[in-house]
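Trainee: Relevant sequence annotations retrieved from TrEMBL are reproduced here:
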COMPBIAS  1-15  compositional bias 'Basic and acidic residues'
COMPBIAS  27-39  compositional bias 'Polar residues'
REGION    1-39  region 'Disordered'
TRANSMEM  75-99  transmembrane segment
TRANSMEM  143-161  transmembrane segment
TRANSMEM  194-211  transmembrane segment
TRANSMEM  218-239  transmembrane segment
TRANSMEM  259-278  transmembrane segment
TRANSMEM  290-312  transmembrane segment
TRANSMEM  337-364  transmembrane segment
TRANSMEM  376-393  transmembrane segment
TRANSMEM  399-419  transmembrane segment
TRANSMEM  439-460  transmembrane segment
Amino acid sequence: MSTQRLRNEDYRDYSSTDVSPEESPSEDLNSFSSPGSYQRFGESNSTTWFQTLIHLLKGNIGTGLLGLPLAVKNAGILMGPLSLLVIGLVAVHCMGILVKCAHHFCRRLNKPFVDYGDTVMYGLEATPISWLRNNAHWGRHTVDFFLIVTQLGFCCVYFVFLADNFKQVIEAANGTTTNCHNNETVILTPTMDSRLYMLAFLPFLVLLVFVRNLRVLSIFSLLANITMVVSLVMIYQFIVQDIPDPKFLPLVASWQTYPLFFGTAIFAFEGIGMVLPLENKMKDPRKFSLILYVGMAIITVLYISLGCLGYLQFGANIQGSITLNLPNCWLYQSVKLLYSIGIFFTYALQFYVPAEIIIPFFVARAPEHCELVIDLSVRTMLVCLTCVLAILVPRLDLVISLVGSVSSSALALIIPPLLEIATYYSEGMSPITIVKDALISLLGFVGFVVGTCVTLYELIQPSSAPIFVNSTSAFV
């Protein structure tokens with residue numbers, strides 16, 4: 001990897017989820033031959049509408065999905081699904097805003113593609129305020145910062161997820177049976193602290209991120225997708241059976257826990273980073289808006305159904321990941337291990353985005369003979385950083401809520417509406433649109449502040465100890 005390539009390589013927004021790096025936008029600008037158009041047709045490596053839909057779906061399935069049953073508990077069995085629906089609609093609307101603004105600047109600047117950071121930078125350059133125009137480059141830096149925080153936050157979540165699931169499987173090994181139908185609570189045999197499990201995973205994840213070849217990473221992506229899909233099918237198969245009477249579950253939970261719901265929900269819905277790369281990669285980008293709305297509708301139904309069914313099945317015993325509530329029989333223990341394997345390999349894909357932003361900064365300033373050493377050293381330090389942060393916040397539900405509140409809310413809710421105002425204000429906007437955008441950004445900002453404060457307070461002074469005994473039903 002030469003210094004010159006690192007200096008000149010344009011960063012592209014991949015997904016904040018599981019879209020593979022090899023699915024990034026094409027760098028070949030020669031294929032752009034229609035002045036004033038953002039669309040490119042007929043590329044040999046372009047994706048069909050079905051492939052794009054699959055990428056969109058798989059890009060939104062991760063640890064956030066498994067944490068939604070606890071999120072519904074924090075909001076209430078009625079308020080939870082309604083709030084998920086509203087947040088889903090608003091998040092999809094913000095994705096549409098980003099696509100619209102990107103198209104606007106592609107036509108205006110005669111560019112084939114602009115990513116999230118470019119779009120925000122060009123939006124600030126279009127404002128009538130001279131200070132914003134002069135400092136427009138900070139728009140790209142801000143997006144890059146939140147992308148780094150979000151992606152490294154996901155990596156922290158993966159550390160906690162792997163530790164919690166492997167710890168439970170190992171501690172329940174002596175009580176694991178082949179009978180998955182008995183509603184019984186299994187007493188776990190204590191082993192080492194979950195933070196020691198995180199340290200045990202550290203060297204393996206360091207070796208994993210040393211893989212810099214995108215085609216090799218795509219193999220890991222395929223393996224992760226297969227294991228996670230199989231695991232999800234098995235989870236749904238279990239939670240739809242013998243659902244307990246929900247009359248004891250609160251319709252609306254305490255307002256004190258609602259910010260935790262918001263953080264987890266926006267963590268799950270924060271897939272806005274993959275929108276522009278997927279649209280640009282299509283053979284016919286004109287169909288992308290329809291695919292975006294159809295795909296996100298499917299994702300929203302998936303989120304609401306798993307969140308509600310998981311909470312209905314396990315009630316107050318629901319944990320930070322629904323996998324921790326599955327029975328201690330070999331079938332569902334294998335589900336935990338399968339999903340954990342998928343998350344393990346997904347770590348490298350999530351790590352790719354911050355690595356492509358951070359590492360070139362250091363390598364470009366190093367002597368040519370030290371480039372590889374600097375590259376691997378920075379990768380090692382970043383993985384160690386995510387491990388240390390995970391050790392400091394070892395509760396899965398809180399680290400998900402914290403990442404969602406701090407960074408996901410900015411990328412998914414706060415920035416896109418402000419971008420629309422900056423882009424179109426000088427060209428004329430209706431007052432209703434301005435008010436709508438301001439309200440969405442205000443919603444995101446309030447969620448950012450309150451969600452972060454409540455999560456940090458819960459970390460410092462937990463209101464209730466996390467549940468570590470898993471059971472197969474809400475009422476055993």
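Quick reminder: no glycine exception, Cβ is built from N, Cα and C everywhere.
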Trainee: Using a cut-off of under 8 Å between C-beta atoms, tell me which stretch among 75-99, 143-161, 259-278, 376-393, 439-460 contacts the transmembrane segment (194-211) the most.
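Mentor: Most Cβ pairs under 8 Å with the transmembrane segment (194-211) come from 376-393.
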Trainee: What stretch of 143-161, 290-312, 376-393 shows the most Cβ pairs under 8 Å to the transmembrane segment (75-99)?
Mentor: 290-312
Trainee: Taking a Cβ cut-off under 8 Å, which residues six or more beyond the ends of the transmembrane segment (399-419) line up next to it in the same chain?
Mentor: 16, 63-64, 67, 90-91, 94-95, 97-98, 101, 116, 119-120, 123, 142-143, 146-147, 149-150, 153-154, 156-157, 160, 259-260, 262-270, 272-273, 320, 390, 393, 436-438, 440-441, 443-445, 447-448, 450-452, 455-456, 459
